[in-house]
């Protein structure tokens, strides 16, 4: 560690290198912590979480009971033991609350004055955070599975919405219009995601096993479809040609630089694609258990090297190396199925929510003082502070 | 309800994590491994080849009266080597060299059978000896073995590229080298492999049933290897164990008494 600091100081190393190494170390030591908790408000499972991008201070959660809660994650109490407090909620008593379960919530990417939520009551509501009243409401014909706003858009303010209808709808926040539709899928749209690199590129995943990449400026259809066999038509049976998965494609996540796209499907596989060419990189993650009938919300770490993927698998969260495909660890702690997880890039913390109505915070374990002295650490269990044997009192007797 | 610090991280995982941490912080160790990398890939392919040969020895030849070449499944390699991506890469390297042939068996879209090319050719020609389809089959094998690494062929390819006639294609299907996939395309297949697939599926079900019926649905790998095989299980126990571990039909847990196999719920097979 000191050599890294010295190299950074003397200019031998890029400043980013120390940050990446330390972020990676922190992600590898994620654990449940006594001292960090999130207030429990939801009476039913938690479907979605979102942490705002600007400060990383406020977190939104949407539950199966239609309730939306905002938490303040900053610790101003000067005590080690801290519970993330609820700032405000849109509860069952509010006049504007969603009638059925909230499937996706997202903060407005540029400030926390606004957030958008979509629900199985076939509506998508744009809320004003100050008054907690919807400023705009969009009605749809079928259940809304997911929506997404582009995190980097400057030229447009479109929200992509995936519903039961095979047509992807784009709603404009500035004008309130929703005439722009993207046609190409043949089944329900389970997940939509804008690219974090180009503000006009959109990826959509559907129950027809295909994942399509669109440029919204283009009038005619999609740019390309992701093919798991990379065009090698001989590998699959004839129905499975040009599909991203052998079952429903239900999860999408771009890596932080937007160069790669991860997709998950009900064939229990996760695939990594080159987002520019649509080529399957053939990284084999093994069996990623996926029984979700709706979209699966998973996330990728930011600022580490190598990057990690956090996928909810049953009652635990699986952590995979992004490019190596190996399973690093399973984070166990929930009592029931985990539905969503969100990574906090500044503190390298992971928040996960599930059917047991809890949001768990996975916090990196503090650095141990003797990293070289592994033998003494393992003897004492590793988590307690290890005393250097030179300072141990080995001579005074107990009788004194 | 207070949740205590999760002790879910076993010692094996902790040491793997520590190894990862140590790598990023230890510049010296990284320089040493950088030198070792060029030699690695060559050794890697030989590694897979020897693992495949080991698996082939587990295959019971006399069960099929010596009419089938030794077959291994690709996911059995995953139980021997931890890095699945590099296993996949090396298998495609061997296929590109023409040493290995891959077949789609049909009962599972992810289950691929691997056979060494010389074994395949020897057995097919042995099976064809004396029949009138011998000439066509020889011609097909000559086209297939050095260059082609496809799993299925469609009509256009057979007629234009390989220059076969319709009647010759019928002969190939009759001899068992091609199986019908749909109108106008065929899978590459192993002749007489129907019996193999039947015994394999039955045996897999029986072994999984053994794991499921054990107390708590889990059993030590060494204990399972020593169990007496029922009449349903025609192959060697180790062959089936590699299969269920590699296909992740059971969860593999490292314990102080060895590897524990735990039945995973939600399996259809």
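The backbone N, Cα and C atoms fix where each Cβ goes, glycine too.
The model shown is predicted, which means the values in this text are computed figures rather than measured ones.
TrEMBL annotations:
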type	residues	note
REPEAT	A:95-137	repeat 'WD'
REPEAT	A:182-217	repeat 'WD'
REPEAT	A:242-283	repeat 'WD'
REPEAT	A:331-362	repeat 'WD'
REGION	A:373-400	region 'Disordered'
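Averaged over the repeat 'WD' (A:331-362), the predicted model reaches a pLDDT of 92.
Proximity of distant same-chain residues to the repeat 'WD' (A:242-283), defined by a Cβ-Cβ separation under 8 Å and at least 6 residues beyond the stretch ends, is recorded for 187, 190-193, 195-198, 201, 203-211, 213, 224-230, 236, 289-292, 294-300, 302-303, 307, 309, 311, 320, 322-325, 345. Summarised by DSSP class, the composition of the repeat 'WD' (A:182-217) is 0 helix, 18 strand, 18 coil.
For the repeat 'WD' (A:242-283), the DSSP counts in helix, strand and coil order read 0 helix, 19 strand, 23 coil.
Assigned with DSSP, the residues of the repeat 'WD' (A:95-137) fall into helix, strand and coil as follows: 0 helix, 23 strand, 20 coil. Per DSSP, the repeat 'WD' (A:331-362) is made up of 0 helix, 19 strand, 13 coil.
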